[in-house]
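Okay, so here's the structure we're looking at.
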Amino acid sequence: NSSDLSPSSFILASIPGLEAAHFWVAIFLCSMYIVAVTGNCAVLFIVKTEPSLHVPMYFFLCMLAAIDLALSTSTVPRVLSFYWFNNREISFGACLVQMFLIHTLSAIESTVLLAMAVDRYVAICHPLRHAAILTNAVTAKIGLAAMARGVLFFLPLPLLLLPLPFCGSRLLSHSFCLHQDVMNLACANTTPSVVYGLTAILLVMGLDAVLICLSYILILKAVLRLASWKERLKAFSTCVAHICVVLAFYVPLIGLSVVHRFGKDLAPLVHITMGNIYILVPAVLNPIIYGVRTKQIQKRILNLI
């Protein structure tokens, strides 16, 4: 009947065999979420109140913190509701909205990471022109372009799923909604959705990763042309925090993609764990990495404490 073809809800995945431990799993996820919210809010507050940090590098860091807050907030409270109150069902509309937010915010974060790589390239390879090239106005335009790019590329994903019939299982592989996960439950031809999803990922995250690698190749060539090892280490040390943040974003993203593509026979625990890592680990690590690597942020944090 029509209710079978257009499901009112999907069922979020639980960890088989660990139902009795859901309360403690939720405590752990909630703790990570609190750390992520506290750390990213601290970064936003410190950059806002410290005039010396009103430069493109830290404005990009604020964008990253805001994205991490939005991404974790769009998923973790719903996951906690599931683990604490056994609220396993998520409505079809809410699932599509959550899916859109996750993929769009991830695309925006990828674009901001690319912008930060370009910022490091200009600062090291063209230091005298850095202030003229990356002004505050240019930084704001880059942020708006990142938002527009994410929305335009990933808005079609839920629209392509909206008319599809779902006449089989409603059980998802994660505790939240992802495009490929929802698409696999459809009982119709999903080729347009598969092709568009893969194209969007390659043109956004894939292209950004290639350009970030290219920027660091150019940075490395410029650093190696410096006279002494001390100067080389000093110049490259300004990129360490960004490299760690890039790895914290792309490693879980690639791992989740590999699990979806080749891990159909893996235990549900692997899918759920990789999904939670993808959502929470970058949001937790990013403020910690920049807090450890940036003396101005360290000093402000100590003053706040």
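For all residues, glycine too, the Cβ spot is worked out from N, Cα and C.
Automatic prediction, not curation, is the source of TrEMBL annotations.
Over in TrEMBL, the protein carries these features:
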TRANSMEM  20-46  transmembrane segment
DOMAIN    39-290  domain 'G-protein coupled receptors family 1 profile'
TRANSMEM  58-84  transmembrane segment
TRANSMEM  90-118  transmembrane segment
TRANSMEM  130-155  transmembrane segment
TRANSMEM  194-219  transmembrane segment
TRANSMEM  240-263  transmembrane segment
TRANSMEM  269-292  transmembrane segment
Have the transmembrane segment (194-219) and the transmembrane segment (90-118) got at least three CB pairs under 8 Å, pairs 6 or more apart in sequence? yes
Mean pLDDT, the domain 'G-protein coupled receptors family 1 profile' (39-290)? 90
